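**Student:** Annotations for this protein, taken from TrEMBL, read as follows:
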type     : residues                       : note
BINDING  : Cys127, Cys130, His131, Met250 : heme c binding site
COMPBIAS : 7-26                           : compositional bias 'Polar residues'
DOMAIN   : 114-221                        : domain 'Cytochrome c'
REGION   : 1-27                           : region 'Disordered'
Amino acid sequence: MRRSRSQETSVNLEDWSPSSFLGSSQRPPPDQLFLIFRINRSSPALSSLISKKQQEGVGSTTTKSLRALAVLGAGVSGLLSFATISYCDEAEHGLDVPNYPWPHEGILSSYDHASIRRGHQVYQQVCASCHSMSLISYRDLVGVAYTEEETKAMAAEIEVVDGPNDEGEMFTRPGKLSDRFPQPYANEQAARFANGGAYPPDLSLITKARHNGQNYVFALLTGYRDPPAGVSIREGLHYNPYFPGGAIAMPKMLNDGAVEYEDGTPATEAQMGKDVVSFLSWAAEPEMEERKLMGFKWIFVLSLALLQAGYYRRLRWSVLKSRKLVLDVVN
């Protein structure tokens, strides 16, 4: 028999409060359960429980929002710090130089000897007035950029202090093949005095002494430009973004037509930079061609030895691998 709504409302709800049936095994009838919870929402215990859950939900939502904002702030701070570090690193170490396709960088590639000769001419007419090459002798140029007669004539143009003679005195003589390139200054103090306190480095190993040496030297020689807005360069210095700090004491030395090549090659700024870098690369590593050739020879010989070893292995082991063993179980 179905109950009426008036009978449902006459149920004693105090006996079925949440505190009474949660701690016991008795449960109210299904048709009274919804009515109990709907009515008991007005009770203090259940109201406090509901308000506590709502506060916890609001609190968890706020916590999640704060966490999301913290993660976002950390990401933005990381990006800004990375940009600041990159900018400071660029200002301290100079702008990253591009990579240029040098013709002698291949595994079996050799130097462009015509470029080495032109680079030596650029060094003599442009660089030698300030920079030394104390590790290079005139005889090193024989067979690389000049003939022996040309090199002897070139060395004879300089005067070398030699001695002592039989009387114990120093004397001067014409240069010879065994002499090294002349020094532009007598000592470091004289070099710094003539260049406003800056010391021009020796160029014998410059492409090995600098990171990414060939590309760095070329970018430095051809990278002079006007300072950007907001950058001030003190008097006596010049702006070059590839130099650490951006301010360099050496002025722009390579200008179109600064030298006149013997072979008629147009002496543009880029051409002179490429030639002098080729010459400096050879000066820092004159044995590169011989080393590559020797390495190719060794690889070829070792390849033949490997083939011979493989053939010998198959020859010796073929008898053992192809034999058959017969087991006589009777005898």
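Just so it is clear, glycine is given a Cβ too, placed from its N, Cα and C backbone atoms.
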**Student:** So if I measure Cβ to Cβ from Cys127 (heme c binding site) and keep only same-chain residues at least 6 apart in sequence, which ones fall under 8 Å?
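**Tutor:** Looking at Cβ-Cβ distances below 8 Å from Cys127 (heme c binding site), excluding near sequence neighbours, one finds Leu203, Met253, Val276.
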**Student:** Taking DSSP states H, G and I as helix and E and B as strand, how many residues of the domain 'Cytochrome c' (114-221) are helix, strand and coil?
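**Tutor:** Residue counts for the domain 'Cytochrome c' (114-221) by secondary structure: 46 helix, 12 strand, 50 coil.
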**Student:** Only counting partners 6 or more residues apart, tell me which same-chain residues put their Cβ under 8 Å from the Cβ of Cys130 (heme c binding site).
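**Tutor:** Set apart from Cys130 (heme c binding site) by at least 6 residues yet with Cβ under 8 Å, we have Pro184, Ala191, Ala194, Asn195, Pro200, Met250.
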**Student:** To what whole number does the mean pLDDT across the domain 'Cytochrome c' (114-221) round?
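**Tutor:** Over the domain 'Cytochrome c' (114-221), the predicted model scores a mean pLDDT of 95.
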**Student:** Inside 8 A of the center formed by the CB atoms of Cys127, Cys130, His131, Met250, which other residues of the chain have their CB, for the recorded heme c site?
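**Tutor:** Nearby residues not in the site list: Val126, Ala128, Ser129, Pro200, Leu203, Met253.
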**Student:** For His131 (heme c binding site), list the number of other Cβ atoms lying within 10 Å of its Cβ atom.
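**Tutor:** A count of 19.
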**Student:** Just counting, how many other CB atoms are there within 10 A of the CB of Met250 (heme c binding site)?
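**Tutor:** Other Cβ atoms within 10 Å of Met250 (heme c binding site): 18.
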